[in-house]
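Chemist: Have a look at this one before I ask anything.
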Amino acid sequence: MFWSVDFMLLGFLYAIVYFLYDIVKNRKKTSFFRKIVFASFIVYLSAVYHYTIGGINIPPQPAYAQMNIQLIPFYFVTEWVQMYQQSGFDWFFWNSVKLTFFNVLLLIPLGVYLSVLWRKTSLKKAAVFVFLTSFLIESLQLVLSVTGLIMARTFNVDDLILNTAGGVIGFCLTSFMFGAKGSDSRRKGLHF
């Protein structure tokens, strides 16, 4: 028998406690809106952890201990072609397309948070930060899979590419919405 620790609930509870503490401790230092946005960031990080890593198995499960590494860039396109040739537009094909799309969506909010919470104005810095975040996720999946702490996951270079693209899209959309690069005049309207 083993237990699986779910960090989504823990992250949500932490966000509530942090939010209440921040309201009491920093009543006038930061705006109420910024406090809400930061609490939502904590919940977002918990959700990313939940969907990419999942629960931690206690004790570790040797049956799950595997090392899966996929280092071929854009291999998902090859998979789509192979699936289509074998079965056409069946469920497996569309599931693969859906998972690819979700990999892009996963870090779009991170790009938004980088632009709004931390006012990153350099696309290059934001892209590097998003890439390193994605690399951390993939590395955690690999290490925790090898140790049997999570169900077998794959270190996938396509995930790095797609996650980074998503984060850059989020950053660019937010930067576009709030004006030209480097302009904080519209962001100040958010009352941070």
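The backbone N, Cα and C atoms fix where each Cβ goes, and this holds for glycine too.
According to TrEMBL, the record shows the following:
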- 41-176: domain 'VanZ-like' (DOMAIN)
- 6-24: transmembrane segment (TRANSMEM)
- 36-58: transmembrane segment (TRANSMEM)
- 91-114: transmembrane segment (TRANSMEM)
- 126-154: transmembrane segment (TRANSMEM)
- 160-180: transmembrane segment (TRANSMEM)
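Describe the structural context of each listed feature in the structure shown, including burial, neighbouring residues and relevant distances.
Modeler: Across the domain 'VanZ-like' (41-176), the prediction's mean pLDDT works out to 92.
Remote same-chain partners of the transmembrane segment (36-58), defined as residues 6 or more beyond its termini with a Cβ less than 8 Å from a stretch Cβ, comprise 2-8, 10-12, 14-16, 18-19, 22, 64, 106-107, 109-110, 113, 116-117, 137, 140-141, 144, 148-151, 153.
Residues 37, 41, 44, 48, 51-52, 76, 79-80, 83-84, 120, 126, 129-130, 133-134, 158-159, 162-174 of the same chain, all 6+ positions outside the transmembrane segment (91-114), place their C-beta atoms under 8 angstroms from a C-beta of that stretch.
Sequence-distant contacts of the transmembrane segment (126-154) (same chain, at least 6 residues past either end, Cβ-Cβ under 8 Å): 48, 52-57, 60-70, 107, 110-111, 114-115, 120, 160, 163-164, 166-168, 171.
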